[in-house]
Amino acid sequence: MTTNASQIDTKAVNVIKGLIMDTVRASNSGHPGGAMSSADFAYVLFKEFLNFDPKDAKWFNRDRFVLSAGHESALLYSILTLQGSLSVDDLKAFRQFGSKTPGHPEHDITDGVEATTGPLGQGFAMAGGMAVAEAFLRDYLDAQSAGHFTYALVSDGDVQEPICLGSAALFGHWGLGRLIAYYDSNKIQLAGPTCRADTIDHKALFESMHWQVIEIDGHDHEQIRKAILAGQAETTKPTLIIGHTTMAKGCATLEGSESTHGSPLPEAEITATKAKLGLPDENFYLPEDVLSHFRARFASLGAARNEWDKLITARLSDADFAARWESATTPVCQRSLNWPEFESGASVATRKAFGACLGAMMEQLPTLMGGSADLDPSNQTVKFREFAGIFNAVSNAKGRNLCFGVREFPMGAILNGMTLHGGVVPFGATFLVFSDYERNAIRMSALQHLPVLHVFTHDSFFVGEDGPTHQPIEHVSSLRLIPNLLVLRPADARESAACMAVALKQKSRPSVLIFTRQGLPVLDLPKPLEEHVSKGAYVVRDPDGDAPQMLILASGSEVHLALEAAEACPELKIRVVSVPSMELFDEQSAQYRESVMPRAITRRVAIEAGRSDLWYKYVGLDGKVWGINHFGASAPASVLKEKYGFTTANLIKFIKE
């Protein structure tokens, strides 16, 4: 049972367990066991330590709490009900359509939920991303304006996910002293004991990654308090508190059973457990004395927020601080940047155009943070690294370059956490073929409506000699399938700058920016280019003096091929359409779409160095698509383009057939 706790604290924890059981039982779906084993820690943290504004869940300088073990949502919702952010009626609507209490926490639905979690390990990584943003802003502004802690609750399943361990290595290396993770080690998961799959010494493992590790009885309130205080006192390392707990702690007969992991407790077990815990046999029991006790700090928390408001008001009289505050709090979508110019006809790889754009961004956006997954020269992030400095919370918190190492999945989730925190503009880069490693974090960007910048270079078989393991084929199409994700594949350096501008204007969705390895001619594209790109597709060439009778649609490196083929075949009266973003084009009015791709023009061809499937929605069943629907090969790009037919001569032959 709960130990070293006052009578009212013990009662409060038991009430929370009663709410967990009733919430899961009401929906006939959920995960009560882990929620009950974690209840003591969550109670002590929220009751005694978490700094927040009870009246403003979005206060800038609040502590962040991330439930990485998202399946324990009934615990968080019960705590938030005690806090006043949710009601008992919300608990009764658990896992129901349109409720504030979805099966796994969703940050844009429920006040007090900092991150959408459920895919295990990602909440831990996002919490670290929040701690990165906090450390940078604490240096960029000051500790009083932006100084707080980030807490994460992780489960046995979380620490089994490779993303968790990859992220942990980074967080220790970066010295994130204000990150405190609680590992609820109940040693039970859905299919049985963790010993079936694990013999890891997590204390030794995390200590080797430069973490402070504290082992406690996770049901002992005094040990929990001391561990949290020790975590707060350690400024150069993140802290892992390993709470040794019992699955479904407090249950009458099912303590320690895997049957409690993912199923409601039987009615008889709930009745017997409530009797064991000293609770009345009634649903959603929430007595006033527990509420009053839990909210005893609310007056002082509100007063602390008011003092912070006064501090910020006073600090804003300083012009330098005011400028930094504006930079940290003004959404990037509200800013206009100056972009580099490119000479017509020059050969510029779009990845190098991105590098030039990044150079412009780093000077105009002082809160731009990010980096590459160990591909700095290839991704063109070296100059950013040299200009912005390498981030370390202890030795260089003002650094803006994050050295992720070869950790694409952690990188993506960390960027999500930074964006959720706010105050910084995050980006990450790697090869397009490795977007698969990062994919679920990208999906979580889209699901959470986060305007993260995901940069991918080396976008097709034109990678060349590295061969099919490094040559994207299905990747662009695959990314286009993710809802609420903006995919941009620019035709040249100028369109690259326009795509960057469009990506930065996004308020509630991430952007994927896809760039070439090989040089492409800088085209004479119509102006205003950013406006054209913002519509997803636009006309870049029409036949002289004649109505078009054929359409060639293309994206990225194939646009110049389409233009060359059209110029070589004036008799075909070809209109060429650049399609940097299918998503943006599909969002345009029917009138605009008709103006670009008139239904009367039925002779249609599309070309893209990737899978052909998605282009048929534009060319129709009678149209033709030149793509690549097989894996590539190891050879020079100049050889592969001939072998695979991505030449002007072959395109001319194709459109004439």
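Using the three backbone atoms N, Cα and C, a Cβ is placed for every residue, glycine included.
Bear in mind that TrEMBL entries carry predicted annotations, made automatically and left uncurated.
Secondary structure at His31 (substrate binding site), as computed by DSSP, is coil. Per TrEMBL, the feature substrate binding site maps to His31, His261, Arg351, Ser378, His458, Asp466, His470, Arg517.
Per TrEMBL, site 'Important for catalytic activity' is recorded for His31 (among others). Long-range Cβ proximity for His31 (substrate binding site), meaning a same-chain Cβ under 8 A and a gap of 6 or more residues, is found for Val24, His71, Glu72, Ser73, Ala74, His261, Gly262.
Taken from TrEMBL, the feature thiamine diphosphate binding site applies to His71, Gly118, Pro119, Leu120, Gly157, Asn186, His261, Phe434. A simple way to gauge crowding: the CB of Pro119 (thiamine diphosphate binding site) has 19 other CB atoms within 10 angstroms, across all the protein chains here.
Sequence-distant contacts (6 or more apart, same chain, Cβ under 8 Å) of Asn186 (thiamine diphosphate binding site) comprise Gly33, Gly34, Ser37, Ser155, Asp156, Thr245, Thr246, Met247, Gly256. Sequence annotations record features per position, and here TrEMBL assigns Mg(2+) binding site to Asp156, Asn186, Ile188.
The secondary structure of His261 (substrate binding site), as reduced to three states from DSSP, is coil rather than helix or strand. Of all the Cβ atoms in the protein chains shown, 21 others lie within 10 Å of the Cβ of His261 (substrate binding site). Among the features that TrEMBL reports, site 'Important for catalytic activity' is placed at His261 (among others).
Marked as domain 'Transketolase-like pyrimidine-binding' by TrEMBL: 348-522.
According to DSSP, Glu408 (active site, proton donor) sits within a helical segment. Neighbours of Glu408 (active site, proton donor), defined as other CB atoms within 10 A of its CB across all chains, total 27. Residues or ranges marked as active site, proton donor in TrEMBL: Glu408.
Once Cβ contacts within 10 Å are tallied over all protein chains shown, the binding-site residues Asp156, Asp466 are led by Asp156. When the Cα of His470 (substrate binding site) is compared against those of the binding-site residues Pro119, Gly157, Ile188, the shortest separation belongs to Pro119. Same-chain residues with CB within 8 A of the center of the Asp156, Asn186, Ile188 CB atoms, the Mg(2+) site residues themselves not counted, are Gly34, Ser37, Ser155, Asp184, Ser185, Lys187, Gln189, Pro193, Thr194, Thr245, Met247, His261. Cβ packing within 10 Å was compared across the binding-site residues Leu120, Ile188, and the lowest neighbour count falls to Leu120. Annotation: no binding-site residues among Gly118, Ser378, Arg517 have CA atoms within 10 angstroms of the CA of Glu408 (active site, proton donor). Counting only same-chain residues at least 6 apart in sequence, those with a Cβ under 8 Å from the Cβ of Phe434 (thiamine diphosphate binding site) are Ala373, Glu408. Using Cα positions, the member of the binding-site residues Gly118, Pro119, Gly157, Ile188 nearest to Arg351 (substrate binding site) is identified as Pro119.
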